[in-house]
């Protein structure tokens, strides 16, 4: 080969490869449509058969890969199945009509969940980059999608790991008998020993959560200083996350064998144990008794869409990052359907467990209510306030059932209508106890802990439950951290170990905001504002960039080349019309909800032993809206700087994987026939890789994408034609 050719110069140069794709393509063999990395809409007959434009990407790019398919599936399941499946889904199911809620949820899972999950899997697997690299190559002007996704991952990871820290604290507290939240503590008042007033006004488990665990302040304005117990728990949580991700997918994949499968073992154990308890059937029957009128309320559909959206982890970047370590011919369509169905069935399983436990708890609380009120009635009978004639003769106070009490309560209420309110009697209706919805952290750290105090061998069940929560949280955190580290590692030459350690240290320091005594209020703020709207915007832009800018037909053809079969036409209509429309409605309804609903938090009032809604002070409200603005700010900034060419978008540079493969391929050029790599003797005569009879049009359909002569960069308003990772 002549020594002055560009390929030879690149071989002997230590400089990074910065030649345009067109330069190197002019030295390559003719393109084979079927084996090319992206078809770009060419017809099969327009290129020479049996030839491959690119080296084998899976073998040559040096990118880490999953050890096997099972590890990858478990990682995706671990990321999508998280704490929200255990507490948020059951709460929404109870709140929005029980069994009737499953109908809109399942419909929206089919319409937006699976199609968008499939889309993220496909682009990640095809381009083999993190979220930033993927969307830079798809459409550089929308490269801010990946940056916004990374920032949201950061916000969510900060407070999500705090919840794991809470679970760690409860896990270690569970190695006691009786459990420390089983009974209210006592305090001395002079010579008397009395029950702690705050605990007496609430409950033992509620008191332990707010006072012993969080030691919470009464307002968000009062920070109260650091809670050292939760600070240590948060430190342990970040150490666990760092150890899980520091070795990359080779180690985190093995971690997933345990962290993804163990929660199912615990859930099945809890389900079997729960079904054996008194009242469990009442809870499950209440759960699946459909309130069909609820299906007509728009709020139910909005909350179902939001839950579908976040249950699969769309927009976080973790899905893309995990799939980027797959081979390009992996059947990601099967993966999308499998993981989505597993996620849905896990939510159903967790809901059965939750309502079996809550049904047992409701029966216990109802029996306690009956006993307490029966004692009041006995005292009224003994003092003559009530006549003994009001008590039916068949009622035995030593074995008083809920049905007997209800009958006696009705008689007394009818006879003592004028003065009934002064007696202070409660109706003790089981349905009322079942209707007491507990949302979010309260379900795990108050309702579940209270139910477990009534279990035989309660410390064992408590240890299992919180160990399950830790594993669920770690599975999601590994995916979240991968969504952060993978784009950075793709963009910069940083040692993975150093990056993981630095990220975890910074996150722990920032996370100290959440382990102040007022930290729970900031967890609520971040949960409400940092992810919802920004992620919805991110996902609709992902959908638009693929379906409308790149083109749905072209994307379907690329999938056929990659998978070996053409996906159903169903996906074409979902990606192009239905999913974007639903996401637009979701964004509009979210904005309206934020504008109409007062912004605030539930503060714990120590003197009353209960929560009370407080509006955010101005500084906190500004902070809440700043989270939304900061998360979405990269979108317009990167669009502007790239649209007006203020900063190079890098789209005329070879991708890392292509560079590595090409450099390996050209290392043997001196020993091989020059005519295998150069299609003509003169560079100016090198044919274009595009067929002469069919010029490719850019996304707008008006700008023709053509190659220049050898030695010049190919630059268009969209992407370079030959880059294997910029063609999508």
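For all residues, glycine too, the Cβ spot is worked out from N, Cα and C.
Listed in sequence order, 78, 79, 80, 81, 82, 83, 160, 313 are the same-chain residues at least 6 apart in sequence whose CB falls under 8 Å from the CB of residue 476 (Na(+) binding site). What TrEMBL records for 78, 81, 85, 343, 472, 476 is Na(+) binding site.
Positions annotated as compositional bias 'Polar residues' by TrEMBL: 703-728.
Sequence annotations record features per position, and here TrEMBL assigns region 'Disordered' to 681-728.
Within the same chain, residues 66, 160, 163, 249, 252-253, 256-257, 259-261, 263, 287, 307, 310-313, 318-319, 322-323, 325-326, 335, 338-339, 342-343, 346-347, 350-351, 354-355, 439-441, 443-444, 469, 472-476, 478-480 sit at least 6 positions outside the transmembrane segment (72-90) and bring their C-beta atoms closer than 8 Å to a C-beta of that stretch. As annotated by TrEMBL, transmembrane segment applies to 72-90 (among others).
According to TrEMBL, the feature transmembrane segment maps to 102-123 (among others).
What TrEMBL lists as transmembrane segment is 144-172 (among others).
Annotated transmembrane segment per TrEMBL: 230-249 (among others), in sequence order.
Marked as transmembrane segment by TrEMBL: 261-284 (among others).
The transmembrane segment annotation in TrEMBL covers 304-325 (among others).
Within the chain, the transmembrane segment (337-358) has long-range Cβ neighbours (under 8 A, six or more residues past its boundaries) at 73, 76-77, 80-81, 85-87, 89-90, 93-94, 102, 105-106, 109, 113-114, 117-118, 264, 267-268, 270-271, 274-275, 277, 280, 283-284, 286-287, 311-312, 434, 438, 443, 447-448, 451. Per TrEMBL, the feature transmembrane segment maps to 337-358 (among others).
What TrEMBL records for 460-486 (among others) is transmembrane segment.
For the transmembrane segment (498-517), the list of distant contacts is 154, 157-159, 161-162, 165, 214-217, 222-227, 230-231, 233-235, 238-239, 241-242, 245-246, 481, 484-485, 488-489, 523, 526: same-chain residues at least six beyond its ends, Cβ to Cβ under 8 Å. The transmembrane segment annotation in TrEMBL covers 498-517 (among others).
Marked as transmembrane segment by TrEMBL: 529-550 (among others).
Per TrEMBL, transmembrane segment is recorded for 570-596 (among others).
Long-range contacts of the transmembrane segment (616-641) within its own chain (CB-CB distance under 8 A, at least 6 residues past either end) are made by residues 141-145, 147-148, 151-152, 155, 220-221, 525-526, 528-531, 533-534, 537, 541, 599-601, 647. Look at TrEMBL and you will find 616-641 (among others) tagged as transmembrane segment.
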- prompt: Hey, does the transmembrane segment (529-550) touch the transmembrane segment (230-249), meaning at least 3 C-beta pairs closer than 8 angstroms, sequence gap 6 or more?
  reply: no
Message: Please list, in sequence order, the residues in the chain of residue 85 (Na(+) binding site) that are at least six apart in sequence and whose C-beta is under 8 Å away from its C-beta.
response: 311, 343, 346, 347, 350, 472
Statement: If one takes Cβ-Cβ under 8 Å and requires six or more residues beyond its ends, the residues near the transmembrane segment (144-172) are 83, 130-136, 213, 229-230, 233-234, 236-238, 240-241, 315-318, 441, 444-445, 449, 462-463, 466-467, 469-470, 473-474, 476-477, 480-481, 483-484, 487-488, 507, 510-511, 513-515, 519, 522-523, 526-527, 530-531, 534-535, 537-538, 541-542, 545, 627, 630-639
- prompt: What are the other residues, in sequence order, whose C-beta lies within 8 angstroms of the center of the C-beta atoms of 78, 81, 85, 343, 472, 476 at the Na(+) site?
  reply: 77, 79, 80, 82, 83, 84, 260, 263, 346, 475
Message: Within this structure, do the transmembrane segment (261-284) and the transmembrane segment (529-550) have 3 or more Cβ pairs under 8 angstroms, counting pairs 6 or more apart in sequence?
response: no
Number of other Cβ atoms within 10 Å of the Cβ of residue 81 (Na(+) binding site) across all protein chains: 26
